[in-house]
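Novice: Copied straight from Swiss-Prot:
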BINDING   His63, His92  heme b binding site
DOMAIN    2-146  domain 'Globin'
MOD_RES   Val1  N-acetylvaline
MOD_RES   Lys59  N6-acetyllysine
MOD_RES   Lys82  N6-acetyllysine
MOD_RES   Cys93  S-nitrosocysteine
MOD_RES   Lys144  N6-acetyllysine
Amino acid sequence: VHLTNEEKTAVIGLWGKVNVEEVGGEALGRLLVVYPWTQRFFESFGDLSSPSAIMGNPKVKAHGKKVLNSFSEGLKNLDNLKGTFAKLSELHCDKLHVDPENFRLLGYILLCVLARHFGKEFTPQVQAAYQKVVAGVATALAHKYH
């Protein structure tokens, strides 16, 4: 992902304020509510019968945190996203058979959640920088599919 120094500063600066547990749980929960077909990958998580059940599900929250911790690793390695996410790409492709489009959808959801949490701080410029990052991460996660 090519980011200007200004964009890198904006992305890293905002990320330092992110509560990965809260934002991760909300992002994954919203993915499962907004795009219900993604729930099939999480059948072992128990009750996903309603939006409130999904958003309150401790396994959804825990996995959302795990997802954002991986995203944090990507932010530390913006120049090597494919390498950073190679094993996760292989897992999601070969073992879990996740449609790579879901990575893009989660990226869009993450942008919505960041905007909700950070309001005016999530300026159009910050959003543009994050859009590049989530697109790069989605591409890296889809790499093993090609």
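Just so it is clear, glycine is given a Cβ too, placed from its N, Cα and C backbone atoms.
It should be emphasised that the depicted structure is a prediction, and the values quoted were computed from it without experimental measurement.
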Novice: How does the domain 'Globin' (2-146) divide up by DSSP, counting helix, then strand, then coil residues?
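Specialist: DSSP composition of the domain 'Globin' (2-146): 120 helix, 0 strand, 25 coil.
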Novice: Looking at Cβ-Cβ distances, which residues of the chain lie under 8 angstroms from Lys59 (N6-acetyllysine) while being 6 or more apart from it?
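Specialist: When sequence neighbours closer than 6 are ignored, Lys59 (N6-acetyllysine) has Phe42, Ser44, Phe45, Gly46 within Cβ distance under 8 Å.
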Novice: If you measure Val1 (N-acetylvaline) to Lys82 (N6-acetyllysine) at Cα, how many Å is it?
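Specialist: For Val1 (N-acetylvaline) versus Lys82 (N6-acetyllysine), the Cα atoms are 10 Å apart.
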Novice: Check the recorded positions His63, Lys82 for other C-beta atoms within 10 angstroms of each C-beta and report the one with the most.
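Specialist: Answer returned by the neighbour count: His63.
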Novice: Tell me the coarse DSSP state (helix, strand, coil) of the residue listed as 'N-acetylvaline'.
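Specialist: DSSP call for the residue listed as 'N-acetylvaline': coil, neither helix nor strand.
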Novice: Take the C-alpha atoms of His63 (heme b binding site) and Lys82 (N6-acetyllysine) and report the distance between them in angstrom, rounded.
Specialist: 21
Novice: Which value does the mean pLDDT take for the domain 'Globin' (2-146) in this predicted structure?
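Specialist: For the domain 'Globin' (2-146), the model's average pLDDT rounds to 88.
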Novice: By a simple count, how many Cβ atoms lie within 10 Å of the Cβ of Val1 (N-acetylvaline), its own Cβ left out?
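Specialist: Taking every protein chain into account, the count is 20.
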